[in-house]
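Q: What Swiss-Prot shows for this protein is this:
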type	residues	note
SIGNAL	1-22	signal peptide
COILED	28-62	coiled coil
DOMAIN	76-308	domain 'Fibrinogen C-terminal'
DISULFID	CYS85-CYS114	disulfide bond
DISULFID	CYS250-CYS263	disulfide bond
Amino acid sequence: MGEIRSFVLITVALILGKESWVLGDENCLQEQVRLRAQVRQLETRVKQQQVVIAQLLHEKEVQFLDRGQEDSFIDLGGKRHYADCSEIYNDGFKHSGFYKIKPLQSLAEFSVYCDMSDGGGWTVIQRRSDGSENFNRGWNDYENGFGNFVQSNGEYWLGNKNINLLTMQGDYTLKIDLTDFEKNSRFAQYEKFKVGDEKSFYELNIGEYSGTAGDSLSGTFHPEVQWWASHQTMKFSTRDRDNDNYNGNCAEEEQSGWWFNRCHSANLNGVYYQGPYRAETDNGVVWYTWRGWWYSLKSVVMKIRPSDFIPNIV
């Protein structure tokens, strides 16, 4: 009888112990679920904070560049020379701004705005934004470059010499970002963009087109006008250096320097008008295949990067 009682007590103890183990396991699982939920909440908060910090850093960078001071250049410490903005991007510098670059055949560094958005690594060769710069200039100015190399939205022309030095390094893609006064945006992109040297009068060469703005540079939008509207293989002209195919002087009539033919279907260095315009002359900031000859665009950015560049799509 005593043995039976002992067996029963042992059995009851085992059953109670097993139940406590089960309860312990359930409590442990509940605690794990609770902790995991807390971790997810913390991760979400961290991501939200990271977004806020990134936005604040971007706003600070823009304010810094917009102050109009010469110290708005981003100093990389002079550790190495960069051939273009794509090399700067690949070296870990991801903020848009003014940097110093030195193409392979260049004798000296020069300043340029690097657009690290839109996949990164873009070297900006021209910008129109507000009409603050006069683009009706002579050969020397267009050859050497001019404009605002301080403010992030400043207007400038990088200079035909510098554009030649950049594009002779290899195959480059040209992307042109266009915006009208109704806040619509389009782009035109050309492969194998190249500008010749001074002996060729900085001749323009472009390859295959893609984009949403239409192909105004090659003149292929209508075969009947291509002979006079195409900018392909055109020499650069200014008011004091007439290299176009026109009997008159396109640069003088259009009040800008450009790769004129007889005269143009695109002129992104044209007269800046404070709003769209209709006039008998087509001397505005023109991209014919989007807004026609008599609409002057609000903003333009011409930027290039190596064709084999692998963009950041994050």
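Backbone N, Cα and C define each Cβ position, glycine as well.
Describe the structural context of these features.
A: Around CYS114 (disulfide bond), the C-beta neighbours below 8 angstroms that are at least 6 residues distant in the chain are CYS85, ILE88, TYR89, SER96, GLY97, PHE98, TYR99, GLY121, TRP122, THR123, VAL124.
Remark: CYS250 (disulfide bond) has SER237, ASP242, ASP244, TRP258, PHE260, ASN261, ARG262, CYS263, HIS264 as non-local neighbours, by Cβ distance under 8 Å and separation of at least 6 in sequence.
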Q: Please report the three-state DSSP label of CYS114 (disulfide bond).
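A: Once the DSSP labels are grouped into three classes, CYS114 (disulfide bond) ends up as strand.
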Q: Return the count of C-beta atoms lying within 10 angstroms of the C-beta of CYS85 (disulfide bond), excluding that atom itself.
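A: A count of 28.
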Q: Can you count the other CB atoms that lie within 10 A of the CB of CYS263 (disulfide bond)?
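A: Its Cβ shell of radius 10 Å holds 21 other Cβ atoms.
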Q: What three-state class does DSSP give CYS263 (disulfide bond)?
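A: DSSP call for CYS263 (disulfide bond): coil, neither helix nor strand.
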